[in-house]
Amino acid sequence: MEDLSFFVGVIGNVISVLVFLSPLGTFIRIIKHKSTEDFQSLPYICTFLNSSLWTYYGITKPGEYLVATVNGFGILVEAVYISLFLIYAPSRRIRITTSVLVGILDVSFLAAAILVTQLVLEGEVRIYAIGLMGAVLNIMMYASPLSAMKTVVTTKSVEYMPFLLSFFLFLNGGIWAFYALLVRDYFLGVPNGTGFLLGTAQLLLYAIYRKGKPSKIATSVPDNLEEGTQHQPLISSSS
């Protein structure tokens with residue numbers, strides 16, 4: 001069973017790396033245009049926090065080094081993404097807003113979570129607290145593509161729901177939910193099981209509406225949704 005869980009975890013790591021790298025096209029565009037345009041930094045800021053919590057969880061809980069390694073990679077990738085948002089923000093106001101969000105979520109909240117769990121909690125209680133925080137944030141992030149699903153139903157077109165993003169949400173959630181089942185880790189299982197179900201729902205919508213033509217309503221959908229601000233979660237979601 002240990003060999004199987006390790007094998008599944010390695011596959012999960014590979015898929016999660018692909019999920020973390022999936023927005024590369026967006027950032028190549030940002031660098032090329034020297035502007036973040038209408039893209040939002042919040043998904044990346046939240047993914048940085050999510051990856052940090054799961055890295056902390058993987059380090060704290062014995063035997064969860066596969067969780068720690070892939071999310072450690074996620075921290076580095078998201079830090080680069082956030083840095084690009086700060087460099088290429090089209091206005092000072094957006095740059096300040098991004099900096100404030102980073103300060104609140106990725107610095108203050110994360111530091112408080114680590115300090116409280118280290119100084120106040122210990123043993124299994126500490127692991128449960130970290131896992132609970134990560135699971136709640138993961139579920140919230142996995143739920144973010146619901147807006148894209150609503151757009152698909154409204155416009156009867158999958159134009160604004162990239163297939164690969166939906167496929168990786170399905171794949172990433174499924175493999176980590178299976179891994180969680182093997183190692184009996186509910187904090188990993190519940191959010192990734194949720195991601196697997198949402199990914200399945202997106203693929204079903206894709207199958208139903210893939211031949212649909214964009215309705216008139218589609219012309220009012222923001223361009224940034226078309227470019228894939230429906231993030232992992234995904235990804236992140238790679239817990």
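Our numbering is plain: 1 for the first residue shown, then up by one each step along the chain.
Glycine residues also receive a Cβ, built from the backbone N, Cα and C atoms like all the rest.
Automatic, uncurated: that is what TrEMBL annotation is.
Annotated transmembrane segment per TrEMBL: 6-30 (among others), in sequence order.
Summarising the annotation, TrEMBL assigns transmembrane segment to 42-59 (among others).
According to TrEMBL, the transmembrane segment annotation covers 65-88 (among others).
Taken from TrEMBL, the feature transmembrane segment applies to 100-121 (among others). Same-chain residues lying 6 or more positions outside the transmembrane segment (100-121) and placing a CB less than 8 Å from one of its CB atoms are 41-42, 45-46, 48-49, 52-53, 56, 60, 82, 129-130, 133.
Summarising the annotation, TrEMBL assigns transmembrane segment to 127-148 (among others).
Residues or ranges marked as transmembrane segment by TrEMBL: 160-182 (among others).
Residues annotated as transmembrane segment in TrEMBL: 188-209 (among others).
Contact between the transmembrane segment (188-209) and the transmembrane segment (6-30) is not supported, since fewer than 3 Cβ pairs fall under 8 Å when only residues 6 or more apart in sequence are counted.
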